[in-house]
Each structure stands twice: as C-alpha cells, then as structure tokens.
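Taken from TrEMBL as is:
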type	residues	note
DOMAIN	6-150	domain 'Flavodoxin-like'
BINDING	12-17, 59-62, 97-106, D132	FMN binding site
BINDING	T460, S515, R516	NADP(+) binding site
REGION	658-686	region 'Disordered'
Amino acid sequence: MPSARLLVLFGSQTGTAQDVSERLGREARRRQLSCRVEELDSYPVVNLINEPLVIFVCATTGQGDPPDNMKSFWRFIFRRSLPSTALRQMDFAVLGLGDSSYAKFNFVAKKLHRRLLQLGGSALLPVCLGDDQHELGPDAAIDPWLQDLWEKVLGPHPVPLNLDLSPPGVLWPSKFTLQFLKDTPSSGPEELCAAGTDPQGPPSELQPFLAPMVSNQRVTGPSHFQDVRLIEFDISGSGISFAAGDLVLIQPENTASHVQQFCQALGLDPEQHFTLQPREPGVTCPTRLPQPCSVRRLVSQYLDIASVPRRSFFELLACLSPHELEREKLWEFGSARGQEELCEYCTRPRRTALEVLCDFPHTAAAVPPDYLLDLLPLIRPRAFSIASSLRAHPSRLQILVAVVQYQTRLREPRRGLCSSWLASLDPAQGPVRVPLWVRSGGLTFPKTPDVPVIMVGPGTGVAPFRAAIQERVAQGETGNVLFFGCRRRDQDFYWEAEWEQLQARGCLTLVTAFSREQVCVEGRGGARGGTPRVQTQSASRPLPRRSRRCMCSTGSGRSGRWCGSCWTAGAPISTWQATPSTCRPMCVTPCCPSSGRRAGSLTPMRPPTSLSCSGHCVSRLRRGPEGPSCRWPQPPCPTLSGGCRWLSPCLLPAGRVVDSPAQTPAEGGRHEQHTPALSAPGKPQQ
C-alpha cells in the first residue's frame, strides 16, 4: 500500500510556527510518510489543487494579521473568483499559534479554516488553537491534537507491514553538510554589499543596506531605570524612502564574548572556513550566508545562540548526546511529560541556548558541525518604528530604542539581543555600519494633511508620532494633538524641547501625564487639623472642571495619617484644594445572603438593610498590594450572621456613593493615591 504524501505549509513570524512544522515533518517521517515542509509564500499555490493531504501551520501577528511569509498566499486564497469546489480533493488540518491576551486570538488560523471549507476542502480535525499564554506554552494544545491527527492520517494510510514505526531516538540526517576548507581563502564575501548599488530595487532582507551610524545618544536621565537610545543613521545613496508609520528592520549580531564561549563549548575554530551543501534536492542554503564562510561569521551573524530554545532543541540534543545522564535529562525535557520541568528550567528564567549547551558540556562537545543549522534557528531581524521624517531630516533615519534588560532567578541579567547590540555601538570610536531595510507599517495617517489627528503615545510608543508630527508640520498642518505619558518629566520625557517649541509655534497641542509625579495628600496644621491639599502633576493645560471627583485616602503624608475622612476636589487647575465632606458607614460581608456571591467580585451586592447598615454591600474592593478602602472595626450587623466589616465611602451632595480607594490603617507599605489628573495609557510590553 503506498504511503501518504503529506505537505506541511507554514506561515511564521518569529520562528515558532516553522519549528512546529519541522517537528511535524520529523513525526511524519517516523511513520514512514513522505513529507515536505515549505513556507506558504515559497510554495506555488496553484499546485494546491493537486495536493491530497495538507497541514497548515500559521501564526497570528499584530491585531489579527498574517505573518510576512504568508501574505501572498493570504491574498490569493481569499480571491472571490476561486470556485467553491477548487479544493474538493484535499484533506486538510489547520494548526494555529497565537496569544489569548489579544482580542483576535488565532484569528488567522480560524479564518483560514473557514475559507478552506468554503473552497470544498475536507477538515480532518477542528482547528488547533495553540496559546502562548498557557503555562506550558502552545504544546499544551498541540500534543493532544497531533495524536488525533496521526490517527486520522494513518487510518486510510497505515504503515506498511514490512516497515516499522521508527523510535523517537533515531537520529535523522542533517539538512546540510559543512565541508571545511584546508586553506583560508585569500578573499571572500565577508562583508555584505550595500543595497544602494543594487539596480534591482531598494534594500531588502536578502540584501540590506549597510547604513553608517551617525550618533548613538542616551535620552533618559542617568538615574532612570531604563537606558533608552536615540540612534541616527545616514541613508544617503541607499534608495530608501519612507513615510510616517513605516518600520525599519535591523539585522543584529551576537556579542563577541558569546561567540567565543559558543566555539569553546563545541570545540570549533572560529577562523576556519567552510562551504555549505544541502543533503536533499529542493533544499536551498540560507540566502544571506556567503560561500565560503568563516565559523566566526556563522555564529556571530546567523545562529541565534541567545534565544530561548524550544522543545525540538532538546529532542535533537538528546539524539546527539553520548553521555547517559545528560541524554536522559534531555529526553525528559523533549518529551510531552517533561514540559513542566522544561518550563521551569528554561522558559520561565529565559535560559538561552548557549547557557543550555554550557549546562550539558559532554553533549555540546559532541555536536557535529553539520547539525548546527538544525539545532539553532537563524537570527531574525528586529523591527523599530521610524522616529523621523525625511522632510525634517533629509538622508537621515532615526529610531528610539529601549534597551531590554531584566532579571530572572538566573545570576546573569537577561538582555535583548538587538537593543543591547545597538547600545554597544559607538560611532565616536570608529566607523559603524548597521544592516537595515525599510518596510511599510500598519500605522497610517490621513493622506490629506488638513485632517486633524489625535495621537496617544506613552513612553517609546511616541516614536512614530514624532515622524508624523514632523511630516505634518513641514506641510503646514497645525491640527496635531499629542497625549504623552511617562514616569518623570526630568528622566524620560523624550523630545521635551522639541514638543515645547512646536507648541509655542502653535503647531502642536500637547497633553502630558507623569505617573511618578502624581498626587500627594498633605494636611496643614497637624495630623488631623487644617485643610488637606491634593497636589497633582503640572499639566500642559488646566484640567477640565468635570474631571473633579471625590477622593478618600488613608495614605500617610508628612503631616500625619488621614483615615475615615473624605474630600472633594474644589479647584480645576493644577493644584487641587480639598474640603472635608461627610461620610456614612457601609457594610461589607464576606458573602451576601441575597446573592451568594463573595465580596470582592465585580457584581454589586445588597444585603438586608438594618438600622446600623447603609443597605449597600460594597463588592468592588480594590485588588493589589493595598487593602480595601478605609476600614476599621465596628459592631457587627445584627441581621448578618458572622458579622461584617465596615467601609467609609464618600457621600456626595447629590447622594451618590463612591468607593474610597485607600489603604487600611492596619496595613503598612507605600500607598499611591488615585488622582483626578489626566493619564495616558500604560506602555505595553515589548
């Protein structure tokens, strides 16, 4: 009986979907299935009508967007001219990779599954929804889905009787062979060519432009926790053009110390040269890799040794390991039952592939050079929003880079590959060239400049709006409104002088918010005497009067502790005078008998009223390090068994009851007062 012909097509943005696809290919070959693994855009999509069995592995990026290497396929498959019976001979399955913290979770996989059904395809299984937010990662959904998939595939196409299912420990041949050269070549393509000399078009990933770095300046204060850089490149003669909202992609490199450490762990000579040859027909060598190439250049510019390794990394290492104890542990990390241990060892602390190899020295020393490209992924380019306009800075390109550095339980801090590499470059010490190219971004602005634009960009998210403002001001447009937020004015207020100059010229309306310079509650004349004053940050414009609201605080200021008092804001400008107002007690119980819900849920509750209870059960307790608001012991409610706790919310003149977000007097710790000041959205995680 002939074996099934399986095709695996993937669309991957960060490499996860490609890794899952290659795992599918290995599992198929173990089951004696003929399998090909290809990118969606590199596959001739017109041949899809002749494929009997196809597995689609696709990630979702951004706000429900397809990855870059499947956009051409995406446009083709949704053509309205395609007949409804185009794929009637095809059995398919769709495996999606996404993040459930986004609204359009696995949107690409779901939409592709529906479209394939519309074109007549037969689904073997429901779509698999891998979730990056799961504690065990996407494998928590992929593993059981794959078991069902192989049962469906091997039903009509079982393994022939004369062939056995290959065990997991079988080492498959590598994709490429490295043939080392005895003599070092006298001259070789050790430098990328500038794409500005390419007559075929502007710079691209296959041939980036080596842009000279003009300046690399830190724009945050010396005491600020984060290093943020404003980096400028000279792009004259490159043929690069861009508009506001476009992205620049930069190809980073590994540090010299990591390259040296990697070569020592694997016993490689960094200065040795080699040529790369594919083992199987149809497999192409990496296009950016020169022939011949040195080991140093391969490791520094191509192999991502600073990435967190995936499950397939441990599976291959286990097959290559000659050490019994190390091999046993690697097999555990690569198995389905060992995913929790792998998460604890590698994923949570963000342990890199280089650190894993150093933890398994006997295995690392036995890795054949032919398997380097199978073991490690290639370094992927990083995208940054362009922070300048060609109208304001001709032949220049600027980016705002926040250097990624954070601490886990590992001794060495975790560092972002590209941001740390860019921060280490100093053009004052000598010429520095960075490979880059430009592509259009998802952020677009009105084509007619007379349309007013409101922009909200906290932190480094203000970078693309600076490019838009520069471009619109150069066109004479003054309808620009920018909401900017950061921690402190004197530490991370990017381009403060530029914004103030544009505001003075009437070209910009600026509204700012500084989260570490907000409210401080003080009392004049003693711990409980005088009039409390609520100070807010200085804003670019007066706060509107309708922003006034009731605030209740138990935070301790320099003049004493305030508890059980309530104030309403009385001034509409930057300094808010507060006057005492009456408070009446409210009853909070762990569980309201009328609804059976616990206090602290998001559903308001009303217990039975009594003479000593206001009749309103406070359920919106504040979550976080501080306790619920303004709490002190009181007599129990007579109608509620077990007693209750008491809060003191604010009773406004109109009779509205507002929860008082404050800390309990009995609980220590720093209290941050809620303010009526304008605030900008928080900075998203990168």
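One-based numbering along the chain as shown.
Heads up, the Cβ atoms here are built off N, Cα and C, so glycines get one too.
Because the structure is a prediction, the values reported are computed rather than measured.
Among the binding-site residues G15, D99, Y102, F105, the residue whose Cα lies closest in space to that of T460 (NADP(+) binding site) is Y102. Candidate binding-site residues: S12, T460, S515. Fewest other C-beta atoms within 10 angstroms, S515. On the backbone, the CA of G15 (FMN binding site) and the CA of R516 (NADP(+) binding site) stand 38 Å apart. Most other Cβ atoms within 10 A: among the binding-site residues G62, F105, R516, that distinction falls to F105. Residue density at D99 (FMN binding site): 17 other Cβ atoms are found within 10 A of its Cβ, drawing on all protein chains shown. Cα of A59 (FMN binding site) to Cα of S515 (NADP(+) binding site): a distance of 35 Å. Over all protein chains present, the Cβ of Y102 (FMN binding site) has 16 other Cβ atoms lying within 10 Å. The domain 'Flavodoxin-like' (6-150): residue composition by secondary structure is 55 helix, 35 strand, 55 coil, according to DSSP. Cα to Cα, R516 (NADP(+) binding site) and F105 (FMN binding site) are separated by 34 Å. By neighbour count, meaning other C-beta atoms within 10 Å, the densest spot among the binding-site residues G15, A59 is A59.
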